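What TrEMBL records for this protein:
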DOMAIN    A:32-169  domain 'Class II Histidinyl-tRNA synthetase (HisRS)-like catalytic core'
BINDING   A:Asp64, A:Phe65, A:Thr66, A:Arg91, A:Gln105, A:Glu109, A:Arg298, A:Tyr303, A:Tyr304  L-histidine binding site
DOMAIN    A:221-347  domain 'Class II Histidinyl-tRNA synthetase (HisRS)-like catalytic core'
Amino acid sequence: MTGQSNWDRARSYQAAIAERGAVITDADYLQPAETLLDLYGEDIRARAFTTQDPLRGEQMLRPDFTVPIVQQHMAFGAEPARYTYFGKVFRKQEIDEARPSEFVQVGFEVFDGSDVAAADAEVFATFAEILADVPVTPVTGDIGILRAAVMGLKTTERRRAALMRHLWRPRRFKALLDRFGGITPVPAARAALLAEADPMANLPSVLGLRSESEIALRIEALRDDAAADPISNMERDLLDALLSVRETAPNAMTLLGDIAVDLPSISTAVDGMSARLDALSARGIDVETLPFEAAYGRTSMEYYDGFVFGFSAAADLNIPPVATGGRYDALTTVLGAGKGVPAVGGVIRPDLVAIAEAAQ
Amino acid sequence: MTLKLGVPSKGRLMEKTFDWFAARGVTLRKSGSDREYAGAVDGIDGIELVLLSAGEVPRELDAGRIHLGVTGSDLVREKLSSWDQRVVEVAKMGFGGADLIIAVPQAWIDVDNLDDLDAVAAAFRANHGFRLRIATKYHRLVRDFLRENGVADYQLVDSQGATEGTIRNETAEAVADITSTGETLRANGLKILGDGLIHASQATLFRGRRSNWSKEQREILKTLDAKLAR
């Protein structure tokens, strides 16, 4: 249940964001399920409430605002634009009954590509100011650096694409990396299949939509892959080193700078981080002590592809971060039918702020 | 206050359940005619037999309308979220065994495991414009399994029966279904993925959470436990 005090908090946060030049907007409660399923995959069914409209088909109670706000902007907006909204979002709770299945979020989204570092800093600083008197600790990360590292691996395009696809699924990512690195041996049956002169010769009769030519194409791809050199130990070690960076921002910069010597593909992204730290500093954020974790957001924030951040209450409260956000340039391309715009934003949960304050 | 024991109301599962309890000195039987869903229990006091569909046992246990129940371990996992916090396994009964597995066409000679399935799902989506369809009636179990194993770009389509036929009918590309010997799958031109075992199910005696049980009911359970342990 959302008490009056949480709605009051939500309104005051939104007023603070609107004061900074954001336009107040809103989104529909019911969202077409197809869009969300295409974006998040089948997993969203475990998190979002699904219902049926006789004419519009399967609908979901909005699990977040980002998707509809981005769609609105891509359809009707023009850059630069700043939006704020607040209202309920709905999430099924399959594991922890103590967590609410509906709660209020207040959001801030910035579509402004004129100065990416400044926009990142603007969003982070806005939430930092709102939370100035709340006992929370910030953490930052940058999925863009990880993406740049994968894009720069000296291996086949197909392998890079496979790794990129699973950036958000650490277990499968690791399994792929072990396979591409030659750590996981090729199963005997697979080796035998690829060794056949014509693997397609004795094909059992083809059933279903996946055609014979699709099977033949994949066998060709598997043969190419078997012939490719393994991803070197050095590159795999560099990725490990990168993912384990967990330091204050200035120390993280030093470590990432070292890694960039051997993995030059991340240089641009590391420069971007440096520019962002300058921009944060200019907004009064103490970057000397600001925590940075290279793997932050990797498991829980699937559409972010650059700067990510969160503000967490004390661990013993066992609550999710009170505010989270990040950059999601690629999402705007997906939802904007190919046309993308630089975008960054975040949300804050008044109910969790209240819990953090009460525990003070 | 009696303890209500829910048992599948028909077929081999019912007969085997009756045999299992009989071997432990508890006689379950249908009272009245064979078509009547009323039962009786001999050999122990205070237990009332409730005959119902195996698929309803998890829900009834969870709701506390029955206190003990026999059903497939797959059904409990599928129908109850965080099942192990809602019911307790009292005994695995050693029959009704069946595996929930993922199967694909035998013609997919390039697919042996989940890693392959995931790669094919990505290519399939790129080629056909929609996510690879897996037909099943075990949505929760399959989704949790695929998430845990990092398989993406698939969708689950509901199939409540004749699931093996969905691929031939082009309403799915793969299936996640229950099989005991794999015979039906093979006959339908399908093969099981090497690491595609989602759950090995068998008939299991469960009990609900005892939060609202009376002292009398707890004592009946103790007596029953002693008989089952023999």
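Cβ atoms are placed via backbone N, Cα and C, with glycine included.
No curator has checked TrEMBL annotations; they are predicted automatically.
Recorded features from TrEMBL, shown on the structure.
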residue  : record                   : Cβ neighbours (10 Å)
A:Asp64  : L-histidine binding site : 20
A:Thr66  : L-histidine binding site : 25
A:Gln105 : L-histidine binding site : 23
A:Arg298 : L-histidine binding site : 20
A:Tyr304 : L-histidine binding site : 28
> On the 0 to 100 scale, where does the mean pLDDT of the domain 'Class II Histidinyl-tRNA synthetase (HisRS)-like catalytic core' (A:32-169) fall?
Replying inline: 94
> For A:Arg298 (L-histidine binding site), which DSSP three-state class applies?
Replying inline: coil
> Roughly how wide, in whole Å, is the group A:Asp64, A:Phe65, A:Thr66, A:Arg91, A:Gln105, A:Glu109, A:Arg298, A:Tyr303, A:Tyr304 that binds L-histidine, by largest Cα to Cα distance?
Replying inline: 22
> In terms of DSSP three-state secondary structure, what is the assignment for A:Thr66 (L-histidine binding site)?
Replying inline: helix
